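Scroll down for the structure; my scribbles are underneath it.
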């Protein structure tokens, strides 16, 4: 943020400003572009480190062993997303106004100063935080289980799962909140917990984890694998959501955005309606919906995160369906005024786009926060930051999927005259409504896929830890025989 701000302030780090009316503006040179790209890259790396960890770290401040605090974790996700939404709302309104009317120096400098103050607040609050000690790389443990299971792939399963290797003392640092119990799925991974003579296993010593793992560590890998299909279901919602900053933005630019004769809404600020509807939905959900739903379901959080995600998927389908019909209306008005082949603004209020923007905001309040809850709740205790990274990765993949989908539509809808559904020069000549309906159909298929995954999903079984860790009983281990 500092280097980005300096690139906007210092004259030698940016090209000279263009005077009004000039046809050709001086482009940035290689050094100036390098500083700009390096600043953006540093920002991306910083966000990649902050976003997954801040969610899990904040939720970790609630002690799950205290029944009075456990129920508050889901509230944290609501208000975390609410605060993030408010910050985005400020960014697309106040900061955009400052950038356009005062200058990019202040427009970038203000969030830089805010970031600096946040670091001071973070460090100053350190003594108040509930910190969990690191317990090794989760990726190493997942790889160890995979390697051990592969090495023992030819073994026959033990007669009783209770005879699989367990060691509470070994697992203590990665199971503070509770130990994962054995599940009957993916039995081939259970072979990583079978003891054989080649393991050179000695009582009272830690085993070679590349050959032998505990049930808890095997179940960690199973939990991550089980989360995969639900993770994938969230990608298409982001693909639909991404159209707000692409084609919905182009729609807004072509419509009448005037509120008064002298003021019009910037096309880029239409996302205000998304943020506003999302924030309103979060407040409604937390203060009204949950207490009412709790009376019918008996669940502390009102409905499960899987149900919450499902509601978000349905609303997202409505958003793209509505967007298609609004596009038809927009082109009808353009045709009625003879503006199909023109780039002039179409005399139709931009507020026709408010329903699709608002529905996307409502869908995000349900689906994205439900997705966060799902990852935090169902991820192994020692992998929650990793699970939060999966959430942000789904958002990234969803945006890349949007780019891929547009590329495919350009290719397969191309006509002999060079036209396609999504023309670059004039949206009025295209078939944007077909594209929206294509996304709608994909989302319907995705919803069916999600419902199947949610129906088949197995929640992780966990047993609360006893404070005094007892020594594992090695005498209950059965040696396997190769077949």
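Cβ coordinates are placed from backbone N, Cα and C, and glycine is handled just like the others.
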415-433, 434-452 - the range that TrEMBL marks as transmembrane segment: 434-452
Transmembrane segment according to TrEMBL, located in which of 217-238, 239-260, 305-326: 305-326
Residue numbers, six or more beyond the limits of the transmembrane segment (263-285), whose CB comes under 8 Å of its CB atoms: 78-79, 81-82, 85-86, 88-89, 92-93, 96, 100, 244-245, 248-249, 252-253, 257, 350, 353-354, 357-362, 364-366, 369
Contacting positions for the transmembrane segment (35-59) when only residues 6+ beyond its ends and CB under 8 Å are counted: 1, 3-4, 7, 13, 28, 73, 76-77, 80, 129, 372, 376, 384-389, 391-392
